[in-house]
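Beneath this line is the structure, given in structure tokens, with notes to follow.
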Amino acid sequence: MSVDAATVRRIAHLARIAVSEDEVPHLQGELNAMLAFVEQLSEVNVDGVEPMTSVTPMQMKKRQDVVNDGEIADDIVANAPATEGHFFLVPKVVE
Amino acid sequence: MTDLTSLTLAEAREGLADKSFTSLELTDAHLGAIEAARVLNAFVMETPDQARAMAREADAKIAKGDAGPLAGIPLGIKDLFATKGVRTTACSNILGNFVPTYESTVTSQLWRDGAVMLGKLNNDEFAMGSSNETSCFGPVGNPWRRDGSNATLVPGGSSGGSASAVAALLCMGATATDTGGSIRQPAAFTATVGIKPTYGRCSRWGVVAFASSLDQAGPIARSVRDAAMLLRSMAGHDPKDTTSVDIPVPDYEAAIGKSVKGMKIGIPREYRLDGMPAEIEKLWSEGAAWLKAAGAELVEVSLPHTKYALPAYYIVAPAEASSNLARYDGVRYGLREQGKNIIEMYENARAEGFGAEVKRRVMIGTYVLSAGYYDAYYLRAQKVRTLIKKDFEDCFAKGVDAILTPATPSAAFGIGEKGGADPVEMYLNDIFTVTVNMAGLPGIAVPAGKDGQGLPLGLQLIGRPFDEETLFSLGEVIEQAAGRFTPARWW
């Protein structure tokens, strides 16, 4: 399988990465090189094989459903590029 | 005081205990060495004030007689580990000036045991790379150069800063992480020892995530014993990481010097690649001979799905990366760029903040997870991963204690030499190491010799799950036979 220019633009948008028109051919070439490389997996017989979901066989750990953290709003917003009080500021999303 | 930097961690521990020198002297010697080696670009942030404060504290504890196992030992920390109050960037512009308000579990355990932080070490951006050339801080230089050449070589990656700093005697040991070979490949390129423990051994909490089902932290050190000492402090159960395993951490150092007599060592025939350099082949046979001379039994084994590990990795790892890196949106932390609307704001921040390799992997990951392609790529890769793991299980079920392989298909190469036209050329560096991550197993790289140009080469030992001890015992046999290697200083 290989990707065309339109697919590259679609993937970039899904990945939320702005891509300029002159970057598309280069990216297309690189992505197709990677896809050509992984193509060899199609020769493996995977009939009846379970897909791996956990590399170490283990039960998912659970903890008590209680508050064990919090009251650190200053820490949470400390690295934000734009804040007001304890809120993150973003461009208007509702017209 | 310069000679203090040439001690191993174990020797420094003795010197501190018998008051031959103080941690402050030891720390100052390393701070001086770091300053004199800036051309290597191994450190992206030096923290001398914090280092001296921690050293004084360690000296006080040593004087009182309640020193921890790493008391006063100066270490470097890969910039992937969150360090409270100290900038942590994963060497990406998108994290810019991120200053964590918390400490990663692994580093907090090192400080608990008395270690001293010298600063933060360079790495490939988000640990994506095999040469440390994708860092936003620029490439790292390998302290090793080819005989008679002045060309700077890469130290490997992604933990290139860690490997370079340890090899160049800038720190006594370093933290590192390994998703496809990022501890073992740079260790092999710099004649240092690197161990990637079993998945679940070290907590991932506070480590910048790349591919969560593959990422593991581990140490890079100058001897097998030093690596054992560091891993003991780094490992252990952490309720904050649901994949952290709740089993006791053994005293790894006790495994050093333990007899390997009667151990069964597998030599996998699939690792004998066409066109493999004769030097690597020779190193491999030598390593096998050393283990045999120490009483181990060699058996040929087969891991039939080996050749599919790297392609499966290049589906699984980018898929997980695309999901993990979705958090970098310029809202809660990191780089913010303006846009006409919020979507454009995200797109512009990520276009500006991510480097070329990261963009490529996020896009491939997005593609293989997208509607219509998930089954053909991601699901199939996860099934192949099950088969790769089963290959190892079958091998261990036959009584094999560990598997011996080369660590890398070549020695270190020049900056800008690989991957320019085809990213796959760079990816092939991890061909011997990536299987271990796919199967969640422990793997250690130990220096074993040099190539015809005077560059170090390493061997890899792969163990059963949670049996790092056997790797330390076997690694020590190789180290004793091969000796240790130090680069001639040119910086």
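Using the three backbone atoms N, Cα and C, a Cβ is placed for every residue, glycine included.
TrEMBL does not curate its annotations; it predicts them automatically.
According to TrEMBL:
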| type | residues | note |
| --- | --- | --- |
| DOMAIN | B:25-471 | domain 'Amidase' |
| ACT_SITE | B:Lys78 | active site, charge relay system |
| ACT_SITE | B:Ser158 | active site, charge relay system |
| ACT_SITE | B:Ser182 | active site, acyl-ester intermediate |
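Predicted-model confidence for the domain 'Amidase' (B:25-471) is 97, expressed as mean pLDDT. The number of other Cβ atoms within 10 Å of the Cβ belonging to B:Lys78 (active site, charge relay system), over all protein chains shown, comes to 32. Counting only residues at least six positions away in the same chain, the Cβ atoms of B:Asn123, B:Asp124, B:Ala127, B:Met128, B:Gly129, B:Ser130, B:Asn132, B:Thr177, B:Thr179, B:Ser182, B:Pro186 sit under 8 Å from the Cβ of B:Ser158 (active site, charge relay system). All chains included, 37 other C-beta atoms sit within 10 angstroms of the C-beta of B:Ser182 (active site, acyl-ester intermediate). B:Lys78 (active site, charge relay system) falls within a strand when secondary structure is assigned with DSSP.
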